[in-house]
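Database features (TrEMBL):
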type     : residues : note
TRANSMEM : 51-71    : transmembrane segment
DOMAIN   : 62-335   : domain 'G-protein coupled receptors family 1 profile'
TRANSMEM : 83-111   : transmembrane segment
TRANSMEM : 131-156  : transmembrane segment
TRANSMEM : 177-200  : transmembrane segment
TRANSMEM : 220-251  : transmembrane segment
TRANSMEM : 272-296  : transmembrane segment
TRANSMEM : 316-338  : transmembrane segment
Amino acid sequence: MLAMQHYNSSGLASPNLLPNQTWGVEGVPAMAWRANITTERPMPPPSNPTAAGLSMTLGILSNIVALVILAKAFARLRRRSKATFLLFASSLVATDFAGHVIPGALVLRLYSAGTATGPLARAATDAPCQFLGGSMVFFGLCPLFLGCAMAAERCLGVTQPLLHASLVTTARTKMALALIWLLALCVAFLPFFRLGAYTYQYPWTWCFIRVLGETQETDVAFVMLFSGLGLASLTVALVCNTISGVTLVLARLRKKCKTCYRRSAKSHDIEMVAQLVGIMITSCICWSPLLIFGLMSVTRSYSGSIGSDQDTYRRLMVMGVRLASWNQILDPWVYILLRQAVLRKIYRITKSRASFKNSTFRHWDISSFQNSEKINTVNRI
């Protein structure tokens, strides 16, 4: 998905074209066809094609490194309580990897083939657009669903450890993962059953749900379903992570006061909750704009009140998809950087540097004091 963000978006197509219109001569009035030919201009080439390749490479390497680390940790902790979390995290990184490569490669292929020349260059409902739009919906919902499931699993493990041990197993976790992927796939397939539609989006190099133009009731329903599921997942993850964090803080306070030892917070629980909070913050920052902008665009377009603001909402959608594409790069780094081993190394490095500075200052104070004493002795003599 990140590859689409590097295309130049300096100018918008001037005519207000219908997104569900077939771009052919048949069925189009002659005057309208001639007007489109004269006013529609091909989109300029990408401002920096090298940046798109570098972003794709960065995302691929980040997800591969995270997958290797997670695979080693899962093999080492297969029989412990953290194994379920690692299985969820591995599935999340693998989904991000696929969601980064598949849509991004398709966007680069469409552009490199010379087809990114505006909406007149292709049909609005062709097979590549349908596949790209469905991929973006599927790979957009999966990380949000997985983050929600991970937060709920950790909340149960922190607040009710005995119930978690009896209910959560590896087999049930795999079944939950299959259901999550199946649910996201069913939502992505809804336009094929006439609920909503996928169309090319400005600057005509990527496809998504139809939110502008001649929107219908089904388009509004599909956007509300997509955005509602995404925002609901973020809300549930926020609530669960808040409960887990408060429980761990209270457990630490009880442990310090020596009044209760039954729920002592373990280090791996703190590590997992910290990673979940990082994933939740990343998802909120990256996905909330696209979900909200989609709702705003489709409601105003359907009500007919968008008027001359259509170009503004096109730019907002482009900005939203750019932010959403960064989620697949930042997710693996959240796990890589918020591991217990990395945090310990950072703590030790900062602690050693602080102690070194203190020892240097003390040595400087002692040596300066000794030198001043020598100078005073010489002056007396």
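Placement of Cβ uses the backbone N, Cα and C atoms for every residue, glycine included.
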Against which stretches of its own chain does the transmembrane segment (177-200) lie, if we need a Cβ under 8 Å and a gap of at least six residues from its ends?
-> 19-20, 87-88, 91, 95, 119, 122, 124-125, 129-130, 132-135, 137-138, 141-142, 145-146, 149, 206-210, 213, 218-219, 221-223, 225-226, 229
Dominant neighbour of the transmembrane segment (272-296) in 131-156, 220-251, 316-338, by Cβ pairs under 8 Å = 316-338
Counting Cβ pairs closer than 8 Å to the transmembrane segment (220-251), the top stretch among 83-111, 131-156, 316-338 is 131-156
Outside the transmembrane segment (83-111), six or more residues from its ends: residues with CB under 8 Å to it | 1-4, 7, 46, 52, 56, 59-60, 63-64, 66-67, 70-71, 73-74, 77, 128, 131-132, 135-136, 138-140, 142-143, 146-147, 149-150, 153-154, 157, 168-170, 173-174, 177, 181, 205-206, 272, 275, 279, 325, 327-329, 331-332, 335
